[in-house]
Amino acid sequence: MSLDKIMNEAISPWMKGDGPDSDIVLSSRIRLARNFKKYQFSTMQNEEEAKQIQELFKKEFINKTVEPFGEFELLKMNELTPLQRRVLVEKHLISPNLAGTEYGACLLSESEHISVMLNEEDHIRIQCLFSGLQLSEALQSANQIDNWIEKEVEYAFDESLGYITSCPTNVGTGLRASVMIHLPGLVLTKRISRIIQVIQKLGLVVRGIYGEGSEALGNIFQVSNQMTLGKSEEDIIADLKSVIQQIIQQEKMARELIVQNSSIELEDKVYRSYGILANSRLIQSAEAANCLSDLRLGIDLGYIQGISRNILTELMVLTQPGILQQYAGGPLGPEERDYRRATLIRERLRIEKN
């Protein structure tokens, strides 16, 4: 695997999957926060300590195969251009926080299912991404990588508290589980605000597509646990999965209600959005996301035939500003980005129909 391949293949293999409940759940993510006993926290460490952690991973983990993930590549943030960092964020392989660090790095698997972020808020953050509702499977993979790393380093661990992390909400298991979910039915029936309030009362967090502080573009929301202390990994996963399954049922009921009461209006909305995507010469990110959401809903409900439902996930990534500029070979102005976004969407839809 090379940096060029990572940059030029915008669609990660996990995005092409068709996991359980993938008509509503786009992806499942597990993240484990860990710190090393011998180093100060990332928020307090100096340049030399940050470099030592990079060198440790370069020595112990590069060009070593871990089945079934293949080999890993180390990407140092200070060796990447700002555009390359942005592409990694838009592909969900690193956090915006890591992209802004000078001595951060990412250990990335061939399949891009696994990324280990170094020198972010914690010394390492192990991330596993799976398509559909596969939290248990993602946790199993994360634990496998966690055990692999722990053979070479000693973690900061307290017998009574668990794993010690920079942020108090991560102390304990250090586990953050999240699900990316497409909820156009609940948005259209204006039930989403009530659902979010209920979710938050259960101790869960609702965010946009790129995590904290991001917007819920295209009716896509991230739902995750908040506290990790006092619960086992299995309990955290079970609680989140139970809530997600209830949200799935609420979304299905909302879709059925719209079809029963406003079928022709919904079909019109879907085909109008399809027409915009198939014919526009200029389209901004927000409009593209909303139209792609309508198109995906139309595919799921059977209004649109012959187009893969994965098109929402693929084009939501492909049409992000960083990836558009990466394909163009350099910076683009806003109007040029809108032009290239519209062109890419038209061509992608044309390929699907043929």
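Cβ atoms are placed via backbone N, Cα and C, with glycine included.
A mean pLDDT of 90 is what the model gives for the domain 'Phosphagen kinase C-terminal' (24-254). Residues annotated as domain 'Phosphagen kinase C-terminal' in Swiss-Prot: 24-254.
Marked as ATP binding site by Swiss-Prot on the basis of sequence analysis: 27-31, H92, R125, 176-180, 207-212. Neighbour list (S178 (ATP binding site), Cβ cut-off 8 Å, at least 6 residues apart, same chain): S28, R29, R31, Q222, V223, S224, N225.
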Fewest other C-beta atoms within 10 angstroms of its own C-beta: which of the binding-site residues R125, R207 fits that?
R207
Secondary structure at R125 (ATP binding site), reduced by DSSP to three states
strand
R207 (ATP binding site) -> DSSP, reduced to three states, gives strand
